[in-house]
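S.K.: Residues or ranges marked as active site in TrEMBL: Asp248. Annotated Zn(2+) 1 binding site per TrEMBL: His14, His16, Lys100, Asp248, in sequence order. Annotation comment: TrEMBL describes His16, Leu17, Arg18, Asn42, His137, Leu220, His252, Ala264 as substrate binding site. If you look up TrEMBL, you'll see Lys100, His137, His175 marked as Zn(2+) 2 binding site. The domain 'Amidohydrolase-related' annotation in TrEMBL covers 12-304. TrEMBL lists Lys100 with the feature N6-carboxylysine.
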Amino acid sequence: MQNTITIRRPDDMHLHLRDGAMLAAVLPETTRHFARAIIMPNLVPPVVTLDDARAYHGRIMAALPAGADFQPLMVLYLTEGTDPVDVAAAKASGLVHAVKLYPAGATTNSHSGVRDFDKVMPVLEKMAEIGLPLCVHGEVTDPSVDIFDREAVFIDTVLDPLRRRVPGLRVVMEHITTSEGAAYAMAGDETLAATITTHHLIINRNHILAGGIKPHYYCLPVAKRESHRLALRRAATSGHPRIFLGTDSAPHADHLKEHACGCAGCFTATNTMPLLAHMFEEDGALDRLEGFTSVHGAQFYGLPLSDQTLTLTKGDAAQFPAKILSDAGPVTVFDPGFPVHWHVSN
Ligand SMILES: NC(=O)N[C@@H](CC(=O)O)C(=O)O
């Protein structure tokens, strides 16, 4: 039995760091284990322009814990007013690595997102030309579509037509949650990739709804039925070169989660790596963990692989903090609901 594994230092290709007090509290949870992260731009107001990204990058660098070696990979938030010239300058700056598409109304702070795709065609065409990836929140927002069907409907009615309309556009399907999402991503060509979160590999919709509502398991896209979770597990452990980790670690203060209209998001930065080692071991795929966490994402984004390492060892049951404290309030750390014996040892 394998009790230790050393992998290249991982990258988190979908991370919410927020700003201000929350940024200061959650950033060390990521920099402890990860070399780089794709930083989601859904702040209030959102990170829309290169200037916004530069300013946010500066705030992240200023909040880094002493001695941390961490590179934030900045992302622009696509609006109907986004300027293709600014997007090209953003790519040329070396600071910005993607543009994020939020269908307006799909999730936390998405109201500035896209309603009319015709308006963003010039930006998408420019991105295809310069090779800048589009990260996609893949859910339709039509209230008549059942929330559990919104990802599958998005693939058929928005994503696939969009990819045909803008050939060559590099697309990352963010936080896929369905067997349809996994199948579409895995059948795609080299322009298509997908991220999978830690929590969607662990929970299904029963975890949220059976035996009382568990707000800390509520996130978007919402976890689906068990067959979908198993499809995601197979995709993550398959070794597919364009399926990689994006934790979507999304901190919200507890009082906003435990609320009559609770915020969507699971906070997994703290324990993602031990949880992934647990799952990959369970699925007989420890040898594929490094690809998922540290290789495939970097390759898709055209980044050098990290030359640092992370070692995980198996031992006594790990004790994760139940909460991270911040001046914006406590944030509950994702509870997998089972004992985890893997620890990050360096
Ligand atoms: N995943 C979530 O449930 N929430 C994210 C937004 C997102 O990625 O959908 C957030 O910013 O809180």
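Placement of Cβ uses the backbone N, Cα and C atoms for every residue, glycine included.
Help me picture where these features are in the structure shown.
M.R.: According to its DSSP assignment, Asp248 (active site) is coil. Residues within less than 8 Å, Cβ to Cβ, of Asp248 (active site) and separated from it by at least 6 positions along the same chain comprise His14, Leu15, His16, Glu174, His175, Thr195, Thr197, His199, Cys219, Gly265, Cys266, Thr268.
In the three-state DSSP classification, His137 (substrate binding site) falls within coil. Cβ neighbour count for His137 (substrate binding site) (all protein chains, 10 Å cutoff from its Cβ): 24.
In the three-state DSSP scheme, Lys100 (Zn(2+) 1 binding site) falls into the strand class. Sequence-distant neighbours of Lys100 (Zn(2+) 1 binding site) (same chain, 6+ apart, CB under 8 A from its CB) are Met40, Pro41, Asn42, Val75, Leu76, Tyr77, Leu78, Leu134, Cys135, Val136, His137, Glu174.
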S.K.: Within the domain 'Amidohydrolase-related' (12-304), what mean pLDDT does the predicted structure show?
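M.R.: Averaged over the domain 'Amidohydrolase-related' (12-304), per-residue pLDDT gives 97.
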S.K.: When you tally the Cβ atoms that lie within 10 Å of each candidate's Cβ, which of the binding-site residues (Leu17, Leu220) has the highest tally?
M.R.: Leu17
S.K.: Any of the binding-site residues His16, Asn42, Lys100, Leu220 with a C-beta atom under 6 A from ligand 1? Give them in order, or none.
M.R.: His16, Asn42, Leu220
S.K.: With a radius of 8 angstroms around the mean position of the C-beta atoms of His14, His16, Lys100, Asp248, what other residues of the same chain does the Zn(2+) 1 site pick up?
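M.R.: The surrounding set, listed in chain order, is Leu15, Ile38, Met40, Asn42, Cys135, Glu174, His175, Gly246, Ala250.
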S.K.: Have a look around His16 (Zn(2+) 1 binding site) and count the other CB atoms within 10 A of its CB, chains all included.
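M.R.: Step by step: centre on the Cβ of His16 (Zn(2+) 1 binding site), count other Cβ atoms within 10 Å, giving 24.
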S.K.: Enumerate same-chain residues with a sequence separation of six or more from Ala264 (substrate binding site) and a Cβ-Cβ distance below 8 A; give 'none' if the list is empty.
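M.R.: In sequence order, the residues whose Cβ lies under 8 Å from that of Ala264 (substrate binding site) (at least 6 apart) are Thr107, Thr108, Tyr218, Cys219, Leu220, Val222, Ala250.
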